[in-house]
């Protein structure tokens, strides 16, 4: 039964990822005053299926000088970790109800760095290695602020369980009392998922395609799936943290619809940002984090710690 539940989680994720690529191309197309894909199937609806078929029936080429085992393991690890992060997400019921669900997700997103690093190193290409090193530095840096923002939210929620956040936000979304944290969280998730304007790992002008430059066919598709699964997962996480939907045990469908609509809006805003903003310079990216976000998040975290002590003389609850 558990394996059936796992499959019922994985298959919709992969379908959502497939059609997110189509939505992205359509949105970018309309924002640039063109149609986007509209030939394969009605309104281009079969385009993701055609793309998947094309990628998976091609021969997966590999550089002669590459480290074979790591070169193959890296994309598999990337997709496995991307799918594993969905386990504790309450939609409205998680696959496994974890006590430390939030810490589990943070740990898994940290491990995703290894797949990027290994892929860049195993390719034995200087472009891939530079892209991988950039990705690692960027991901590790932005995880610092993500962790501090999470801690601040947990101090308001009082638990490390994601399901508790639904109860916390029954009367008021956490985006209202903590909107500076929500803004910084959203920008940090953009950087964490290597999306524009922070897609310096794939800087076409200087790095061709970044850490996956030597990958083709199936392994490239696995990286692609992992990236888009992470985007949807991060937006679901944002919705759970700051835009909690009302949950009635008698009508869980209403929660799921509400939840999905909010996640879809956030995902579309990711694509809107990609169409609107140019890429950051690397030093500006690091400056934004270490000089702006980190002091602000630390100050707000201290505020959340001291508030219950000042007002009610009780220690912060987690």
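Any Cβ shown, glycine's included, is placed from N, Cα and C.
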Worksheet item: Which residue range, 49-69, 70-90, is the one Swiss-Prot calls transmembrane segment?
Response: 70-90
Worksheet item: Between the stretches 2-22, 147-167, 294-314, which wins on the count of C-beta pairs under 8 angstroms to the transmembrane segment (217-237)?
Response: 2-22
Worksheet item: Near the transmembrane segment (2-22), which same-chain residues lie under 8 Å Cβ to Cβ, leaving out any that are not at least 6 residues past its ends?
Response: 37, 44-45, 47-49, 51-52, 83, 86-87, 95, 224-225, 228-229, 231-232, 267
